[in-house]
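S.K.: Just dropping this structure here.
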């Protein structure tokens, strides 16, 4: 698994018809779209995947179906972060049985937890995990920013990498430097705009929400970064900045990333835009705005237009 | 239920033998101790009850056994806060079946949630709740401080009260003032040291963790506050401040309230001191310190000594 | 000085005609009003006094004129908090020369400062201070919440008390307990609504902004608290809560406390409502709202009406 | 001035013999070192320059002497951020008289200030400024993170650029995008590790503290970024990461950046290591560690060794 931890690994949305029912055909379509876009792996049940909003039975069903659809074509990682060790281990075994390749673990997130308490927690659960695991640093949701020392100790306990979504640049560079000579540990970027630097300075790739909508764009940005093609990187990053403006900024909700990605996917006919409680999908006016904005983006950038056209060949 | 929402309602610990097993005899003993101490209600699966650390099956078993032991002698409230609406509703129905009287609900707590999103969430779930519900304002864990306007809207959606654990005094007084003429809405204090003011200015009582260890102390403080017996209040509050120093300050962990209450209960022979993952119980040296400190407290304050002695009559 | 550190000590506003000119007659009137209202001291150049917004020459002039008007009738404290030790010491000597009785010092507030760094800073400056000093805990402005250990060390360096404006109840009770047997150290409350508890549990009194507008109200609340007259305390606190609603909530600015107190004082004809840069006084519509609200308060509460009437005897 | 706003502009330290006295020969030496290192401008009295710790008379003297030593060889910017408009304007006029080229302004930083209040403040002071001004976004010290809309409004009020030290990558990219077609507005990076991306995506350069110690290193990194020489950028950034580790991490104080830069400069024989109150310079053991670490860095990287050798030619 470990050498496969690289490239663009979209944290996919969980397509839903309602609170209790998967949009199964939407899920199949999304997976085909991503794989045909060249993604290097798929991450299930992350923050963008609304993991914490779903019942355990729905999470289980989703992991099983997604793994079946993916069918070993790319590696699969499953987010099993939980406030309860029992819940985490249950989902870890579901993931193993479904054929996933790795787990992604953040700190328990209800009560504030210290660095030491988190390391002790990892000491307790890591021997019981049926699959390799990566860390997930996500302080805006978990209230805990993993120190480099904590990451180092987690590696000693078996962690094979970390996805950093802290948005803290100095921290990310420190991680890259700390593990630069350790090829058995992947440092993966969770901030879309920072993907090129991540790659240039030894990072393994990106788990970027926008790759749900435009997988090839991010794959191309990853490759251009690997190739040191600065001009191409600059052009593609411009597009990513426009996506930020045109797609993510339609709503000002704290949950707008999830809502806008799901809305964009529904506008593109890929899957349902339904968002699980406690949040909700876009309203009609916002959907229409999304339609207008995606059309504009496609007119401005031939790359996006082409990517969207690929959808025609996916049924 | 509504008129019963008053007095001291301990948020009881969940006595555990290990990650998966309840300390059933400890739970029975704790409940007898609390009821013989005169508490006015019991709150299951709050923050002190480690709700989020437990598997759903263990939560279910705990609610059922605790309700059976309590056997309608005092009203029972159950914390059903969850990141997932499905999980919340499942535990709500378990509570109803077990014979509980009310539910306690805080905001979903993984992704940051806005006031409006929380109100919308309540609009969706409140019609499906099988029991009356109270709000629980706990921003240090949920990252969301319920505005007075949000509390007002929640009342319109059926909330019968609020437990405030924000520690924000001005906010608490504003709540007391806002609902002072509405006898169908209870404002309950989650901060031990503020119980007397809470009662004096119209509050309904306190959900105070320390009442696990010294139920009568808090019941007496509640009554002295009701009676306006300032001298007695001052003396009892002095004791509570000493408890803060001698019992809660043995550890500096963020989880120390849970750990120290469980340790004190184990030192007193009431129930197991085991703390669920991701936290852990006190180490031997800390336990011995707890033993020494409780002895000291009992020597300093005859009230505490008497209260501990009551334990002899509980088997 | 030390035994005089008790009761109600209003943090007075700095009446201004414009950025550079004091409203001298307004200042004289305000001081007469406060002293006739029975206040136990006066605090110059605190947060409410806009100290940090004023030039040093204006601060100096203000201290000199205010001390002259007060003319030793009540003790005078001067806020000398500064980012620069030189600025702090300059204002300390101005205060001494003008006849003030004590200084009030918070931590330097531009760069975040640690507890140890602040204690070291106090070690350096305390021998150079020409007057006794109190601490001022104001984390919302200074980003530093003084630990009890820091306060203890400051006392060893000569501090004669602390004003706590953190709004953190558990902290305030810990301070009261820590220094309860030390009559040479005053613990003073900066939160209006908490004055009664402060007094009941050994606090020395309150530095409360609202006492600029209604000095007697706060003096009466202080006395009722000392006398243990709970009913009177409850009634007066109700009034203070209404003041919060009717006077402080007209604006939602972060600077609204200063703006609304100055506006109320101008509506009452006491002094100019001008607020120094970077903030600004109320607009016309807000002033009219203030007029209406003060009239309403005076009609609801005879105490306030009487207090306002006293103004007729002050020229 | 405006077209000169580019490249490496070190925020220079203020060399001090003690609280009240400049290390004048150290200042002269530092300026020669920086100019011979190829810097494109010099920034006086920033955060690294301890502006807020100094008396106004010392600030004035420093600006005058530094401008005299620089003698128009490179553009000079002066930080005039203040809690008081009067203090800000006084230093603005001092800067103009001394021959500086631009001012740098952050928000008043004692009371929390809103975006609107800051814009109103700029409306009031901008017509009175005798020199062009840049914004300085420094939320960790000022508690205020300037929104893009605020920056836009500031440009309309005359701002010619912004230095962003927020460390918030997505924000910085949004700024670059917002102003990419406006050549009269410079977006300058305050985070050392982000300089290359800043330059690649249209940023004007960096105000980087480390350039006090190794000016040529940063100038070279700036040029390599302009030239798109990715390999060189990667190598130089590796060095910057090592500087972070070896120089900035000797202390864990919040003031460690200032302390460590001053200590390094004193170890290199450039100027005094004295740090003004409320902070303090390194202790002997830390100084010795610094000496060892600088030697190590010079041995690892010939670039640094050469740069240090240049010092021999400066008297």
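Backbone N, Cα and C define each Cβ position, glycine as well.
What TrEMBL records for this protein is below:
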- D:136: active site, proton donor/acceptor (ACT_SITE)
- D:163: active site, schiff-base intermediate with substrate (ACT_SITE)
- D:48, D:207: pyruvate binding site (BINDING)
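Could you place the listed features in the three-dimensional structure?
M.R.: Of all Cβ atoms in the shown protein chains, 29 besides its own fall within 10 Å of the Cβ of residue D:136 (active site, proton donor/acceptor).
When Cβ atoms from all protein chains are considered, those within 10 Å of residue D:163 (active site, schiff-base intermediate with substrate) total 27, not counting its own.
In sequence order, D:11, D:12, D:13, D:209, D:212, D:257, D:258, D:261 are the residues of the chain that are 6 or more apart from residue D:48 (pyruvate binding site) and have a CB within less than 8 Å of its CB.
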S.K.: Can you count the other CB atoms that lie within 10 A of the CB of residue D:207 (pyruvate binding site)?
M.R.: 29
S.K.: Between the Cα atoms of residue D:136 (active site, proton donor/acceptor) and residue D:163 (active site, schiff-base intermediate with substrate), find the distance and write it as a whole number of Å.
M.R.: 5
S.K.: Pop the Cα-Cα gap between residue D:163 (active site, schiff-base intermediate with substrate) and residue D:207 (pyruvate binding site) into the table, whole Å please.
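M.R.: Between the Cα atoms of residue D:207 (pyruvate binding site) and residue D:163 (active site, schiff-base intermediate with substrate), the distance comes to 7 Å.
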